[in-house]
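S.K.: Quick one: the structure is below, and I'll ask about it shortly.
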């Protein structure tokens, strides 16, 4: 009971630190190009797009500066996961980070950053202090943010794109690819830690938060944003990590065991991660865990009737993803979020049979920050992409 009280108070502290915004209306606090990519001697340009519901998002275009470069290769979009942004693809060395590795292999690398992240630009009319700014979940990230990014790349490159997603980025990808107008612009998709179902999550802290209905508690308190980088929470995490708690174990309790993650770099990673998200997004994910469905946000019986015209939210049908769309998936045996049983559920509902890479000892973070991921994961992904463009000269 004492542990339960501490957990509630700690989580309340996390979620209540929402009055301070680390986003500037109209411009991002940081430039991903300037922060991580240009210093590594890679070419990087900043782009912006506006979604149909008014959010202004940042995209970065990355190319290798090593050796002659006459033209861009095939376009590939990298879509990050929950509480992350495009920086996650560049946090390790150029020899270990997927964003740099793809650029070195001649790809036209584009980096997505969803609404609410510190690299995005806010909204055309709303301020980050407005509750309406945070009225979204992953279905909006899929239908608006990702769809608009794909459309933009398609129009710039005048060709179909390769899509890479991790964690929440795969939830967004699955949902977006059920829409024919989106799927027709994608040449192939590579999904790391693929998620469409979450009812077999084994991450201990996530299980406890779901059991305690903490998402419903914060909604009842009228909170809207989750900002782990508020001054209050930064001080709390710093104090916990300085002798009171092993922060590696804390990460394990959220994601599951990671085999190849360099724990000595956690302090460096925390200079960039985590990024903000919305309370509604977390509640939507918790709904997936409780209900075992891959569906739109559940507002409750009466509001569902008003919004959807039915008492339950519509499900996203994986069977609507074109069977002709090539897919590749990498997943791990110790992942506490993208559990093997749930991945198998996803595979059973897809109309095609994706190419699979299963790594028994890999966890959720290993696929994006693992020191051995270049050999274990990325080389297989690149081979998959190259096989789709056999006639190309790159």
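Cβ atoms are placed via backbone N, Cα and C, with glycine included.
Because the structure is a prediction, the values reported are computed rather than measured.
I grabbed these lines from TrEMBL:
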type     : residues : note
ACT_SITE : 167      : active site, nucleophile
ACT_SITE : 335      : active site, charge relay system
ACT_SITE : 364      : active site, charge relay system
DOMAIN   : 34-92    : domain 'Partial AB-hydrolase lipase'
SIGNAL   : 1-19     : signal peptide
S.K.: If you average the pLDDT over the domain 'Partial AB-hydrolase lipase' (34-92), what number do you get?
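M.R.: Averaging the confidence scores along the domain 'Partial AB-hydrolase lipase' (34-92) gives 92.
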S.K.: For residue 335 (active site, charge relay system) and residue 364 (active site, charge relay system), determine the Cα separation and express it in whole Å.
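M.R.: Computed Cα spacing between residue 335 (active site, charge relay system) and residue 364 (active site, charge relay system) is 5 Å.
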S.K.: In angstrom units, rounded to an integer, how far apart are the Cα atoms of the residue listed as 'active site, nucleophile' and residue 364 (active site, charge relay system)?
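M.R.: It is 8 Å, counting Cα to Cα.
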